[in-house]
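*Asks:* Have a look at this one.
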Amino acid sequence: MTVLQEPVQAAIWQALNHYAYRDAVFLAERLYAEVHSEEALFLLATCYYRSGKAYKAYRLLKGHSCTTPQCKYLLAKCCVDLSKLAEGEQILSGGVFNKQKSHDDLVTEFGDSACFTLSLLGHVYCKTDRLAKGSECYQKSLSLNPFLWSPFESLCEIGEKPDPDQTFKLTSLQNFSSCLPNTCTTLVSNHSLSHRQPETVLTETPQDTIELNRLNLESSNSKYSLNTDSSVSYIDSTVISPDNVPLGPGTAILSKQVQNKPKTGRSLLGGPTALSPLTPSFGILPLETPSPGDGSYLQNYTNTPSVIDVAPTGAPTKKSVARMGQTGTKSVFSQSGNSREVTPVLVAQTQSSGPQTSTTPQVLSPTITSPPNALPRRSSRLFTSDSSTTKENSKKLKMKFPPKIPNRKTKSKTNKGGLTQPSINDSLEITKLDSSIISEGKITTVTPQIQAFNLQKAAAEGLMSLLREMGKGYLALCSYNCKEAINILSHLPSHHYSTGWVLCQIGRAYFELSEYMQAERIFSEVRRIESFRVEGMEIYSTTLWHLQKDVALSVLSKDLTDMDKNSPEAWCAAGNCFSLQREHDIAIKFFQRAIQVDPNYAYAYTLLGHEFVLTEELDKALACFRNAIRVNPRHYNAWYGLGMIYYKQEKFSLAEMHFQKALDINPQSSVLLCHIGVVQHALKKSEKALDTLNKAIVIDPKNPLCKFHRASVLFANEKYKSALQELEELKQIVPKESLVYFLIGKVYKKLGQTHLALMNFSWAMDLDPKGANNQIKEAIDKRYLPDDEEPITQEEQIMGTDESQESSMTDADDTQLHAAESDEF
């Protein structure tokens, strides 16, 4: 009966791999109706989930007893997607009513899937405000599988500071093998195949089972192959001749042609490598070590001699060179498991030009490419069978005849750790042995699977090196060390730097530094190279809002909403567009739409709160900022928004507390320090306010907002000359800001220089003839500065000399000064 089920299951997986979800669902329903097994249940639920019907998968699994780990994990995943967090936790760890399972229990139960299970459980804990337990789950997940990125990302976002050097490393062989199930346990099997039969071993998918049974190519004791879920970068020549086996140091038997060949490295992506040996890379198969003294890249790759099988005498051998069939920039461990290329293998093969009855190929089942970050295989076959196994996302055997391999000149390598192709001899050639082994009288044979594993581990180490650098940059960004983040990410290899994700992080860093011109430049580059990217575009839209670029913002919002109407980023961009046009009611509707699309999107709540502030609906604004904090307690923009509202309500102590909370999250923000200084001065802490403003100016020496407020505090403390010096410097930064000239006039009035005071008041009127800044002056706290006795000029009376010169931090967004202190960070 099992044999009859396998073709149906194979057809289902083939439909899934080709995104034919309706066909997959239909066939899976037929299979489950025929066979009410746990495997068929899981397959049907998988079809529902992949087709975007998580609620169907949830109800199906919920209505049946889920005993296998794979069904439990999928059910918990559905619960999380449907916001049933408590139920998801109950399924994975036992919940609050039952005895909770420890991490070790979860590892024992879920096996290779434990890293994903712990990551999902950590997400549940963080969403339910149990950050400590969530952090433990994320860290355990990373220790089990350092190829995962999202747990590290989540740790950074909740305020933890994981060490990338300790996180992204292959600590042991066991650690590496846990990411690649059974990578080094698959044995070499030798098959005597007739001439022109395929001499390859391919990992089978359900749809390939029958053909593989016919060819009898599956190793009887091999449950998995290295290509568990993906065929990423592969050797399309299908064979590596016996003389391709790596040799020990200095043991190569080289032909004259090989010795004269220039030493080159060949990329696993095709074409010569342009990267230096120290460049973090994981798509490079080096054909020589970087330098005679540096064998670290592939250390221990070929430290033991190899026994080389060769062709019979007189049989010219067609040698193949290990090369990549893929082109472009795809590399090892980077693709999904749904590609359909033929999976490569390492095969020791000889082909005679004359009739040859049989060969004895040395077949290596584990290939050198496998994505450790892909989902691990199911722990057992969907249908038990002695003759074959059925696996997900493997590659289809399409080769009916062996490929014709043209004669090639061999690539050689003379240094330690490389691939060497000796010339063909009439008999078995044994390479020179390591001196230590010779002295002991021992001969050790390097098996092909160990060689493949070492190659694989070297590629994985390259990926680890890249992840460490990216992790350092992302950690610095989440800690708001923006300059450090920019420096780290800018030194990534160019092909990684010029990607949307990296550039978005750099653009966000410039945005946090209030360097909006630089941020716009970076984000525009993102739009050029990845016009389909939506993530991060909400920051780009706010950048354009700050720069008052209404046309570019309109184009961006139109493109995003046309591309993805279910994206909160698109509606945030549309809201910013109308906010810039001062159509606040429409902007509010768009921000509310963003929240409707994703209720857990904190930035949409923050933008909505700022719009309510502009329409003087402070109670609604307070609710929005509190919701943003509920969704993301580390969203410092919302803490700032609360402080701003309390300042407007003259609740200065509450304002200072909330500004300080925002500063604790983002200690590098000069704008937050500036606002704290303003509140401290309002609380009659003038000296402390000056110290705070000085710190802000140290962080950002050219921040006009900080310098203006420091000048205002100096003026209030009757330090007129210091205030005048500060204002003269500020005038060079913002030469068209009327408030600066107005405060200079106030200073000259106090110094008794009436003619200079009149001149500056006149300039202020010229820069602001319609009195647009009167809205600011009307909102100024009269306690901030002492009132003047009498206005000395008509201009000063019009400008409101009895008012303080401090900005209200909220209004008149058409001035340069306000742009620097905008509500929207």
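Each residue, glycine too, has its Cβ placed from N, Cα and C.
The following feature annotations were taken from Swiss-Prot:
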- 67-99: repeat 'TPR 3' (REPEAT)
- Thr205: phosphothreonine (MOD_RES)
- Thr209: phosphothreonine (MOD_RES)
- Ser291: phosphoserine (MOD_RES)
- Thr313: phosphothreonine (MOD_RES)
- 326-341: compositional bias 'Polar residues' (COMPBIAS)
- 363-372: compositional bias 'Polar residues' (COMPBIAS)
- Ser380: phosphoserine (MOD_RES)
- 381-391: compositional bias 'Polar residues' (COMPBIAS)
- Ser387: phosphoserine (MOD_RES)
- Ser427: phosphoserine (MOD_RES)
- Thr431: phosphothreonine (MOD_RES)
- Ser436: phosphoserine (MOD_RES)
- Ser439: phosphoserine (MOD_RES)
- Thr447: phosphothreonine (MOD_RES)
- 465-495: repeat 'TPR 5' (REPEAT)
- 635-667: repeat 'TPR 10' (REPEAT)
- Ser822: phosphoserine (MOD_RES)
*Asks:* What parts of the chain pack near the repeat 'TPR 5' (465-495), using Cβ distances under 8 Å and only residues at least 6 beyond its ends?
*Replies:* 146-147, 149, 152-153, 156-157, 159, 161-162, 164-165, 167-169, 275, 279-282, 329, 502, 505-506, 508-510, 512-513, 665-669
*Asks:* Can you check how the pLDDT averages out over the repeat 'TPR 3' (67-99)?
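*Replies:* Value for the repeat 'TPR 3' (67-99), mean pLDDT as a whole number: 87.
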*Asks:* Determine how many residues of the repeat 'TPR 5' (465-495) DSSP places in helix, in strand and in coil.
*Replies:* 25 helix, 0 strand, 6 coil
*Asks:* When a 10 Å sphere is centred on the Cβ of Thr447 (phosphothreonine), how many other Cβ atoms does it contain?
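*Replies:* I get 18 for this one.
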*Asks:* Count the residues of the repeat 'TPR 10' (635-667) that DSSP assigns to helix (H, G, I), to strand (E, B) and to coil, and report the three numbers in that order.
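*Replies:* Each residue of the repeat 'TPR 10' (635-667) counted once, the result is 27 helix, 0 strand, 6 coil.
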*Asks:* By DSSP, how many residues in the repeat 'TPR 3' (67-99) are helix, how many strand, and how many coil?
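*Replies:* Going by DSSP assignments, the repeat 'TPR 3' (67-99) contains 22 helix, 0 strand, 11 coil.
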